[in-house]
Amino acid sequence: MALALLTATAPFATDMHLPVLPAIAAEFGVTTSIAQLTLSGFFAGMGLGQLIIGPISDVVGRRKLLLAGAVLAALAAVIAALAPGVWVLIIARVIQGFGGGACVVLARAIIPDLVRGDSAAKAFSLLMAINGLAPAVAPVIGGLLAEPVGWRGIHWALAGLHVIQLLIAWAVVPETGSVKEVASVRAFAGAVAGNYVAVLKSPLIWGYLLAMAMSFGTMFCYVASSPFIIQEQMGFSASGYSLIFALISLGIFSSSLLNARLVGRLGSKTMLRIAVGSSFVSSWLLFAIVMLDLPDALKLVGMFLVAAPTAVIMANSTALATSLMRERSGSVSAEMGFAQALMGAVMSPLVGLAANPAVGMVTGMVVCSAVALAGMLYSTARHPA
């Protein structure tokens, strides 16, 4: 539970921010694509935080880095709340993402320190369940706060959440990693680089990485586009959007609980195949609904079907990948987390370039889901028994 709470601040930092994207664009007089950089900037920082901190934790341990990440995220959220311009806000979000990314990658690395196999997949599922519940709650909170306190007040609230994250890490999380003695900075850098190279040489990990990251990209096409589709095209208010987003996020939460219940019986590979396959089919279904301009209710159902399998994909692909190199779980988690965050950073401005946000969303979805399917099929077919 403590690890899940440590990672839940990342979806809070994105999903509480979503309802106020139009307000940020209006206040600073910038385009939708520029406003979305406050979202993609967070994911860029989150990716770098995971990429850098994960492999370092394989050498120096997890706990101190976890505490430092929480402090950095809290300070950056304060800067964001005080930002005088959009570019200061974007930079603060990058720094906030870096600190949050450190916490996410370390929480994920701690799980294989403690458990393995389908038990690890179950633990990841429970972690994803909490992370799936956070998007159901966060946009509702963001929508309710948007009018009385504005986007600045939301970032003050995020600063408070990061402080709570720091207190949890300090009070509950022990050191689980193995602290290695290194003779010099050069030896330290060599140990970190060696972990990276070993992970990058594994084609199976690459397949799981693609399955996880591209599935996240599929969902993030929805996340980045949904404020503009649901509020501006469908005519819902910020609070109405938040309620719809929360209901769709409950699908992610429910699928995580279902995965935790079934993975011990069916196995991680089977659950991953089912989830990636359903995401692929749902993406094409929503593509057809949008292109045929069918009723808005069908579009919302399609968004639900695309989003629901995401947590199952992330839990099982991460468990299967880390099972291949448990001694380098920090490095594996870092590279998978970086790829995930990179997709969030890339897809947000890309889908914003489309004249019609709905068309941009579904085009990105069908491309990402196809690549995810290919990566999943490659690795699950070759994974050691």
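Any Cβ shown, glycine's included, is placed from N, Cα and C.
Residues annotated as domain 'Major facilitator superfamily (MFS) profile' in TrEMBL: 1-385.
Residues annotated as transmembrane segment in TrEMBL: 35-53 (among others). Here the transmembrane segment (35-53) has long-range neighbours at 10, 13-14, 17-18, 21-22, 24-25, 28, 65, 69, 86, 89-91, 93-102, 104-106, 224, 333-335, 337-349, 352, meaning same-chain residues at least 6 beyond its ends whose C-beta is under 8 angstroms from one of its own.
Residues annotated as transmembrane segment in TrEMBL: 65-84 (among others).
Summarising the annotation, TrEMBL assigns transmembrane segment to 123-142 (among others).
Sequence annotations record features per position, and here TrEMBL assigns transmembrane segment to 154-173 (among others). Under 8 Å from some Cβ of the transmembrane segment (154-173) lie the Cβ atoms of residues 2-3, 5-6, 9, 12-13, 16-17, 20, 62-63, 66-67, 70-71, 73-74, 77-78, 80-81, 96, 99-100, 103, 110, 141-142, 145-146, all in the same chain and six or more residues away from its ends.
For 205-230 (among others), the entry in TrEMBL reads transmembrane segment. Using a Cβ-Cβ cut-off under 8 Å and counting only residues 6 or more beyond its ends in the same chain, the transmembrane segment (205-230) has close neighbours at 14-15, 18-19, 21-22, 32, 36, 39-40, 199, 236, 240-241, 244-245, 248, 272, 275-276, 279, 283, 299-300, 303, 306-307, 309-310, 313-314, 317-318, 320-321, 324-325, 332, 335-336, 339-340, 342-344, 346-348, 351-352, 357-358, 360-362, 364-365, 368-369, 371-376, 378-380, 382.
For the transmembrane segment (236-258), the list of distant contacts is 15, 18-20, 22, 125-126, 128-129, 131-137, 139-144, 146-147, 222, 226-227, 230, 275, 300, 303-305, 307-312, 315: same-chain residues at least six beyond its ends, Cβ to Cβ under 8 Å. Annotation comment: TrEMBL describes 236-258 (among others) as transmembrane segment.
As annotated by TrEMBL, transmembrane segment applies to 270-292 (among others). The list of residues near the transmembrane segment (270-292) in space but at least 6 beyond its ends in sequence, with Cβ under 8 angstroms from a Cβ of it, reads 121, 211, 215, 218, 255, 259, 262-263, 298-299, 302-303, 305-306, 308-310, 312-313, 316-317, 320, 358-359, 361-363, 365-366, 368-370, 372-373, 376, 380.
Per TrEMBL, transmembrane segment is recorded for 304-325 (among others).
Same-chain residues lying 6 or more positions outside the transmembrane segment (337-355) and placing a CB less than 8 Å from one of its CB atoms are 14, 32-33, 36-37, 39-44, 46-48, 50-51, 54, 97, 101, 104-105, 108, 209-210, 212-214, 216-217, 220-221, 223-225, 314, 361, 363-364, 368. Annotation source TrEMBL lists transmembrane segment at 337-355 (among others).
Within its own chain, the transmembrane segment (361-381) is flanked in space by residues 203-215, 217-218, 221-222, 224-226, 229, 269, 272-273, 276-277, 279-280, 283-284, 286-287, 290-291, 306, 313, 317, 320, 343, 347, 350-351, 354, which lie at least six positions past its ends and keep a Cβ under 8 Å from the stretch. The annotation transmembrane segment is assigned in TrEMBL to 361-381 (among others).
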